[in-house]
């Protein structure tokens, strides 16, 4: 069994989601018999490990759920360099979402240090996080994408009125979001010019680029892709897609992570042909971006044609997340999924 450090938390708006993901990963890895070291990345940039672990409590001792919860209430931060020099882990399992945890930053940090990690590499992480660049790659690979525009803060500051007029050409409703973001934390459904002007000003208070995209009415589905080695060969498989029935106007943050916020139906209630097509396109998106290990792509099916929305390189791994739901529907345990992710991370570091 391996010594595995689990990174979760982070400074992004998805901090709370990542904590839930980290807890799920730690518990699952522990049931697999691995030695688990939970590492909380705080919102202010600190790196925290359970206090008793840092005074040489064995790996196994920090796997108690009670100790885990109690110790994170009274931890002290450690510097990144002190932490890395004493990491003593075979691989880092990334349970981060959004921001520097998913945009290639932490991946680059670990790569420079020569520390193996799970999930996609630097380039794929950065491309997938940049919604505009990702859409351009999807279009080049032949995928259908709803019309969109990107706006930079400088252009908006110089001419707010022209920016609003440009985005109005997409029609209403439209979806406005930061170019680099995930989990629909800052995604807004815009229905009129006044709302568009107001939300642009608000988003640019904290983000440098935004993207707005035309609304598509249809069936929303999400499809996970897993990589694994079988008989010495790497293979990619698409999981059964999940149909998303939002409790609100769209599948926003509340719908994704609040109990009862949405209905998630796995497998999706779509035709066999549509399911096959969605799975093919999910693998295509995974491959086009250069993802590794796993990913999850979201689509809207309009008139039988899937239109891709985005690809997540570090999809959620909470109790209610879609990848665990889809793996279960495919007869694959999360222990199998995690074992494959670890194997791929270790093999890639060797190459």
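All residue numbers here begin at 1 and follow the chain in the order shown.
The backbone N, Cα and C atoms fix where each Cβ goes, and this holds for glycine too.
What Swiss-Prot annotates here:
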type: BINDING; residues: 167-222; note: ATP binding site
type: BINDING; residues: 298, 310; note: Mg(2+) 1 binding site
type: BINDING; residues: 310, 312; note: Mg(2+) 2 binding site
type: DOMAIN; residues: 135-343; note: domain 'ATP-grasp'
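Annotated features taken from Swiss-Prot, shown on the structure.
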residue	record	Cβ contacts under 8 Å, 6 or more apart
167	ATP binding site	149, 151, 174, 176, 196, 200, 212
188	ATP binding site	175, 176, 177, 195, 199, 203
202	ATP binding site	none
209	ATP binding site	132, 150, 151, 152, 153, 178, 179, 180
216	ATP binding site	146, 300, 302, 307
298	Mg(2+) 1 binding site	220, 221, 222, 308, 309, 310, 311, 312
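Under the three-state DSSP scheme, residue 202 (ATP binding site) falls in the helix class. Scoring each of the binding-site residues (174, 195) by how many neighbouring Cβ atoms lie within 10 Å, the top position goes to 174.
Counted within 10 Å of its Cβ, the other Cβ atoms near residue 310 (Mg(2+) 1 binding site) come to 22, all protein chains included.
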